[in-house]
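The structure appears below as structure tokens.
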Amino acid sequence: MAAAAVARRVVLVLVLAAASLAAAPRGAAARSLGGREGPGEVDADAAVDLNATNFDAFLKASLEPWAVVEFFAHWCPACRNYKPHYEKVAKLFNGRDAAHPGLILMARVDCASKVNIDLCNRFSVDHYPFLLWGPPTKFASAKWDPKQENNEIKLIDDGRTAERLLKWINNQMKSSFSLEDKKYENENMLPKNASDPEQIVQAIYDVEEATAQALQIILERKTIKPKNRDSLIRFLQILVARHPSKRCRRGSAELLINFDDHWSSNLSLSSQEGSKLLESVAEENHWICGKEVPRGYWLFCRGSKSETRGFSCGLWVLMHSLTVRIGDGESQSTFTSICDFIHNFFICEECRKHFYEMCSSVSAPFRTARELSLWLWSTHNKVNMRLMKEEKDMGTGDPLFPKVTWPPNQLCPSCYRSSKVTDGAVDWNEDAVYQFLVNYYGKKLVSSYKETYMESLQQQEKKIVSEDSSISNAASVPIGAALGVAIASCTFGALACFWRAQQKNRKQRKNWN
């Protein structure tokens, strides 16, 4: 028993060491391609729904200086009638298409949900709807007591209509916002804050969301078969080494350690078996990006309609973030892993086939991370151009987030060798494009995340984080980045031997009993 425990500990240390080594900062790391959140129309729920599991972390991570939180009950008729009023105001401040983005976070909490009872009591909620105003960090770190003087969190006592709520906010901020304010004079204009590097931090939440949803789809839709099992292993290995989220790297490592237990080589799942497997993965705390993910909503990738952007946007951001975090020696294997993953597990048939055709058209192996990053960027633009035409003909696109050639000239003038575009073809300066991706989706995406959201969510894991940090420090040596994946790959050979031995021990114990 003691030997088995030691062996398991050693294996986990090896996997985490590989992930820590491979995830060590590189000068050309962490960039992606994507778009910012934009809730859009009133019925698109501009306000962000929060609950007790993510309330503190989300508000602590908020970049806005102010927040309004509505506490309501879903069964309350007055709350249902009030929702359109609250959404009208939320539409002004939340998201890329907002008239006044980056000023106020508009959120909601359902106090009728059992998980939120203590949270609502913490803020002395005694009627519905109940609105509070204050700095997001104060919501995250304190409670509200109506008897307490000089409280930075204030009760909004006159916000029963959209007009009255906005008037209260205007009085508080000494502003003159109007419900008629619009973000764009032209719907194709680039948002004023699109080049703000502070906005990119929210992309990391959607990378986690896309990662968790991808695994959920694999389990629920029984897409894993014996023939594509290895491609999932290879993709998880990339996530262990290169995922921009530390929690997702750790979760991927845990899944790989227990891979044979959950997905045997002859596994073929029925729908019921897939649901049971999803439950078993959750019960054993193998949530790939944390137990509160998927959260069920998008930030950076939120569209103005419920059916636009979202998962596909998040998946693109994930793939781009992987390609720019690898070492040169990993470029070809990463390319193969991404292509195989989309081919085997992306369930949009037309998109899957089209992407794999572009993968198959590559004639020479990739030699550098730069080559792979630019190929994926070019591929993404080709997909956008194809979808732009289809969505225009069918009227199915997102009116506030039309497909565009990326990056637009407003964001990266140096990316264009000439301001003239001939027959839709752009004369790109690829060196500038790559540098743009490095700068726009670089260290800010990960560093801001670590300083805010991650710190809050991982308070309960201080011991684990401390051990992981020690491993990372011990493993930080000037070795080529490819060694990270090499170590991870070798580790899984040891894992297989270890788990086979453990399974034999389990059978013996059963016989003994």
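Cβ from N, Cα, C; glycine included.
What Swiss-Prot lists as signal peptide is 1-30, and the listing cites sequence analysis. The domain 'Thioredoxin' annotation in Swiss-Prot covers 31-174. The feature N-linked glycosylation site is assigned by Swiss-Prot to Asn51, Asn193, Asn266, with sequence analysis given as support. Residues annotated as disulfide bond in Swiss-Prot, with sequence analysis given as evidence: Cys76-Cys79, Cys301-Cys313, Cys348-Cys351, Cys412-Cys415. The annotation active site, nucleophile is assigned in Swiss-Prot to Cys76, Cys79 on the grounds of similarity to another entry. The domain 'ERV/ALR sulfhydryl oxidase' feature in Swiss-Prot is assigned to 304-406. Taken from Swiss-Prot, the feature FAD binding site covers Arg309, Trp316, His320, Glu350, His354, 377-384, Lys403, Trp406, and the record attributes it to similarity to another entry.
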**Fill in**
Per DSSP (three-state), Cys313 (disulfide bond) is helix
**Message:** Are there disulfide-bonded residues among Cys76, Cys79, Cys301, Cys412 that sit within 10 Å of Arg309 (FAD binding site), Cα to Cα? If so, list them; otherwise say none.
**Reply:** Cys301
**Request:** Out of Cys301, Cys313, Cys348, His354, Ser378, Asn384, give those recorded positions positioned within 10 angstroms of Cys412 (disulfide bond), comparing C-alpha atoms, in sequence order.
**Result:** none
**Complete:** Summed over the domain 'ERV/ALR sulfhydryl oxidase' (304-406), the DSSP helix, strand and coil counts are 69 helix, 1 strand, 33 coil
**Prompt:** Tell me, how many other CB atoms lie within 10 A of the CB of His320 (FAD binding site), whichever protein chain they belong to?
**Reply:** 23
**Request:** Return the single residue from the disulfide-bonded residues list (Cys76, Cys301, Cys313, Cys412, Cys415) that has the minimum number of other CB atoms within 10 Å.
**Result:** Cys76
**Item:** Per-state residue totals over the domain 'Thioredoxin' (31-174) - DSSP helix, strand, coil
**Value:** 54 helix, 24 strand, 66 coil
**Prompt:** If you count other Cβ atoms within 10 Å of each one's Cβ, which of the disulfide-bonded residues Cys79, Cys348, Cys351 has the most?
**Reply:** Cys79
**Cβ-based isolation winner (fewest other Cβ atoms within 10 Å) among the binding-site residues Arg309, His380** = His380
**Item:** Per-residue Cβ crowding (10 Å cut-off), top of binding-site residues His354, Lys382
**Value:** His354
**Prompt:** Of the recorded positions His354, Ser378, His380, Cys415, which one sits closest to Asn51 (N-linked glycosylation site) when you measure Cα to Cα?
**Reply:** His380
